[in-house]
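S.K.: Mind having a look at this structure? Questions to follow.
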Amino acid sequence: MGQLFSFFEEVPNIIHEAINIALIAVSLIAALKGMINLWKSGLFQLIFFLTLAGRSCSFRIGRSTELQNITFDMLKVFEDHPTSCMVNHSTYYVHENKNATWCLEVSVTDVTLLMAEHDRQVLNNLSNCVHPAVEHRSRMVGLLEWIFRALKYDFNHDPTPLCQKQTSTVNETRVQINITEGFGSHGFEDTILQRLGVLFGSRIAFSNIQDLGKKRFLLIRNSTWKNQCEMNHVNSMHLMLANAGRSSGSRRPLGIFSWTITDAVGNDMPGGYCLERWMLVTSDLKCFGNTALAKCNLDHDSEFCDMLKLFEFNKKAIETLNDNTKNKVNLLTHSINALISDNLLMKNRLKELLNTPYCNYTKFWYVNHTASGEHSLPRCWLVRNNSYLNESEFRNDWIIESDHLLSEMLNKEYIDRQGKTPLTLVDICFWSTLFFTTTLFLHLVGFPTHRHIRGEPCPLPHRLNSRGGCRCGKYPELKKPITWHKNH
């Protein structure tokens, strides 16, 4: 009953909107009929012919949709990250960031610069390879570690690298790896060249390696950045994603002259501590942290102290467990995201190798509805042979995206219209339509209303029996044939 009252309160608004819908429907029907007549008359065909004859026709979908795109300058995004580029298909340069004046040069050569008899071997510690007098030493060591991790270098099984011997006169950073076939390096040359191609994104890298000697080395050394080549943001993404799963734990510095109980990473264990200062005849006790527990640590003969320690330890242990669990989950999430991103980049690299269109995550296209301002989700503008595809090469994708956009807009509009119609009005419309259909069927079938003497006028208001006589007995039975009639 309350729903019915609410419906009657909204009747003026419903009638007003229904009238508008009816007017729009009549207008659309009239306009559509007029357009059909004009189309059948051939007027539109003549105008189109005179307008388009001798001119090029651009392809459009609908009246309010057009193809638009957006381009990102990814080098601006990676200004503070390491970027790389290639020179002459044989030398790579890794630039630390936009403002750095130095870089690392990665190349393959047959010239022996370092000897195992004179230079030091690297045993999983690249910091010994950088001279202490080199400016930005810590950042250079970090970039070296990034490159080795990106190449998936195993210090235990792969050939041992050699570092430049540090002297007072030579402060150049050089790291040399023997990649030729030999003891401990079987198949390493093909593996490291393939990893370099994947990391720096070039299938034609080191194409002249066959011209070198039988003994070849991978050489990494520092150099001055002089804009030797143009940076590629895709290589920067490869370098960062290869190091995405890297995490390092740090230990915070503790007080030098303090006595406390800590775990492996420097976090305070549950409880407190006390310092006792002795004088000639007396002593002074000063407690820190949890004072009650600290005094219990000093004198733990009471059961209350044992229970207090247990409660405090359990509380701190649960907090430590929660923190460690959150850190592990975050690390796992970052690693999975890095693997997914690296998988996408590898798919694009395979597409480049097969000479098929691929995405370089720079330019994106989308369909914009200029009338409503709505647009589809951006999609990557594919690249083939270092150039973006022509619009005609993915016109089918554009058409499908436009259809999806229009369908989504129509569906949203339909849901909005459905929300403005009260449920009571729908029920009344349904039952009234059902009632109208039922009465229409009954009207078409019809029911006989009275008897009629065949061939004579209607005897109303008298009712006849089966023998043609009046039921009231006023008139005698005529014994004439009768029939049923619906109308008078």
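Residue numbering: from 1, along the chain as shown.
Note: Cβ is positioned from N, Cα and C throughout, glycine not excepted.
From a predicted model like this one, the values you see are computed outputs, not experimental measurements.
According to Swiss-Prot, the protein has these features:
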BINDING   Cys57, His462, Cys470, Cys472  Zn(2+) 1 binding site
CARBOHYD  Asn69  N-linked glycosylation site
CARBOHYD  Asn88  N-linked glycosylation site
CARBOHYD  Asn99  N-linked glycosylation site
CARBOHYD  Asn125  N-linked glycosylation site
CARBOHYD  Asn171  N-linked glycosylation site
CARBOHYD  Asn178  N-linked glycosylation site
CARBOHYD  Asn222  N-linked glycosylation site
CARBOHYD  Asn360  N-linked glycosylation site
CARBOHYD  Asn368  N-linked glycosylation site
CARBOHYD  Asn385  N-linked glycosylation site
CARBOHYD  Asn390  N-linked glycosylation site
LIPID     Gly2  N-myristoyl glycine
TRANSMEM  18-32  transmembrane segment
TRANSMEM  34-53  transmembrane segment
TRANSMEM  428-448  transmembrane segment
S.K.: Under 8 Å between C-beta atoms and at least six apart in sequence, can you list the same-chain neighbours of Asn69 (N-linked glycosylation site), or say none if there are none?
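M.R.: The list for Asn69 (N-linked glycosylation site) reads Lys363, Phe364, Trp365, Tyr366, Trp381, given in order along the sequence.
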S.K.: Tell me, how many other CB atoms lie within 10 A of the CB of Asn390 (N-linked glycosylation site), whichever protein chain they belong to?
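M.R.: Counting Cβ neighbours of Asn390 (N-linked glycosylation site) within 10 Å gives 9.
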S.K.: Closest to Asn125 (N-linked glycosylation site): which of the glycosylation sites Asn88, Asn99, Asn178, Asn385, going by Cα position?
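M.R.: Closest by Cα: Asn178.
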S.K.: Using Asn222 (N-linked glycosylation site) as the reference point, find which of the glycosylation sites Asn178, Asn360, Asn368, Asn385, Asn390 has the shortest Cα-to-Cα distance to it.
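M.R.: If we rank Asn178, Asn360, Asn368, Asn385, Asn390 by Cα distance to Asn222 (N-linked glycosylation site), first place goes to Asn178.
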S.K.: Out of Asn125, Asn178, Asn222, Asn360, Asn368, which of these glycosylation sites shows the lowest number of other CB atoms within 10 Å of its CB?
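M.R.: So among Asn125, Asn178, Asn222, Asn360, Asn368, the glycosylation sites given, the one with the fewest Cβ atoms within 10 Å is Asn125.
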S.K.: Of the glycosylation sites Asn88, Asn99, Asn178, Asn360, Asn368, which sits closest to Asn390 (N-linked glycosylation site) by Cα distance?
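M.R.: Answer for the nearest of the glycosylation sites: Asn360.
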S.K.: Specify the secondary structure state of Asn390 (N-linked glycosylation site) as given by DSSP, simplified to three classes.
M.R.: coil
S.K.: Please work out the number of neighbouring Cβ atoms within 10 Å of the Cβ of Asn88 (N-linked glycosylation site), leaving out its own Cβ.
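M.R.: Its Cβ shell of radius 10 Å holds 9 other Cβ atoms.
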S.K.: Of the glycosylation sites Asn178, Asn360, Asn368, Asn385, which one has its Cα closest to the Cα of Asn99 (N-linked glycosylation site)?
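M.R.: For Asn99 (N-linked glycosylation site), the spatially nearest of the glycosylation sites is Asn360.
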S.K.: Closest of the glycosylation sites to Asn385 (N-linked glycosylation site), Cα to Cα, picking from Asn88, Asn178, Asn360, Asn368?
M.R.: Asn360
S.K.: I want to verify one value. Collapsing DSSP to three states, which class is Asn69 (N-linked glycosylation site)?
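M.R.: The residue in question, Asn69 (N-linked glycosylation site), is strand (DSSP, three-state).
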S.K.: Provide the number of Cβ atoms within 10 Å of the Cβ of Asn99 (N-linked glycosylation site), excluding the reference atom itself.
M.R.: 7
S.K.: Which one is it, among the glycosylation sites Asn88, Asn178, Asn360, that lies nearest to Asn368 (N-linked glycosylation site) by Cα separation?
M.R.: Asn360
S.K.: Round to the nearest Å and give the CA-to-CA distance linking Asn88 (N-linked glycosylation site) with Asn360 (N-linked glycosylation site).
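M.R.: With distance taken Cα to Cα, Asn360 (N-linked glycosylation site) is 22 Å from Asn88 (N-linked glycosylation site).
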